[in-house]
Amino acid sequence: MSEKNPIVGLCQKASFLISAAQVDQCPPDEGLEVAFAGRSNAGKSSALNTLTHANLARTSKTPGRTQLLNFFSLDESRRLVDLPGYGYAKVPIPLKQHWQRHLEAYLSSRESLAGVFLMMDIRHPLTDFDRLMLDWAQASQLPIHVLMTKADKLAFGAAKNALLKVRREVQQGWGDVASLQLFSAPKRQGVDEAQMVLAQWLGLLDEDEEPVGEA
């Protein structure tokens, strides 16, 4: 499916646009953009790089290194945004509070934001940060696609059970605000499905093409 998905070729042309410390430093609020969020050490940077076939996000063994909103241009009207991966114990509390305020402001006010990819470590899903993101998405009527990352760390049956359990809890707590799937960057599991969601949000799919959710 990747060969037919226009997002692949578009992402290969991606280039760094700007870093923003707060909402008023973001690029003009026009066109379409998709953001990538996740608690520190949830595999956000690896997922972003795998989906785009590019080294857009800096990966690090030290969680919590992303402290700015990093914008990447795909073309004149489409962007990807790497959101701060705060939540790690070594990140100072004032910094966490600062990013909580600015992240909420970004998610609630950004008209061009078409959706958010939320990375959850399949072994530690629905952290306080994850729940906060789901709350904000529900309040802003913003779609979220959850990647249950590091699925290769569990046996297939255990991974599917974890997915079903989290899906039930998300549906009970937040309704249909989120879709979910298994994902593994090293094994490239779930890449095609996630790329279809990304292409749909960025207006790259024909009207008769729809991403297929994982059962």
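Note: Cβ is positioned from N, Cα and C throughout, glycine not excepted.
What Swiss-Prot records for this protein:
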| type | residues | note |
| --- | --- | --- |
| DOMAIN | 30-204 | domain 'EngB-type G' |
| BINDING | 38-45, 64-68, 82-85, 149-152, 182-185 | GTP binding site |
| BINDING | S45, T66 | Mg(2+) binding site |
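Swiss-Prot feature annotations superimposed on the structure.
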residue : record              : DSSP (3 states)
G38     : GTP binding site    : strand
S45     : Mg(2+) binding site : helix
L68     : GTP binding site    : coil
G85     : GTP binding site    : coil
D152    : GTP binding site    : helix
A185    : GTP binding site    : coil
Have a look at the binding-site residues L68, D152, A185 and say which one has the shortest Cα distance to S45 (Mg(2+) binding site). A185
In sequence order, which residues at least six apart in the same chain have a CB under 8 Å from the CB of A42 (GTP binding site)? G85, M119, M120, D121, T149
What are the non-local neighbours of D152 (GTP binding site), defined as same-chain residues 6+ apart in sequence with CB under 8 A from its CB? S184, P186, K187, Q189
So for G85 (GTP binding site), how many other CB atoms are inside 10 Å of its CB? 27
Give the mean pLDDT for the domain 'EngB-type G' (30-204) on the 0 to 100 scale. 90
For the binding-site residues listed here (L68, A185), which one has the lowest count of neighbouring CB atoms within 10 Å of its own CB? L68
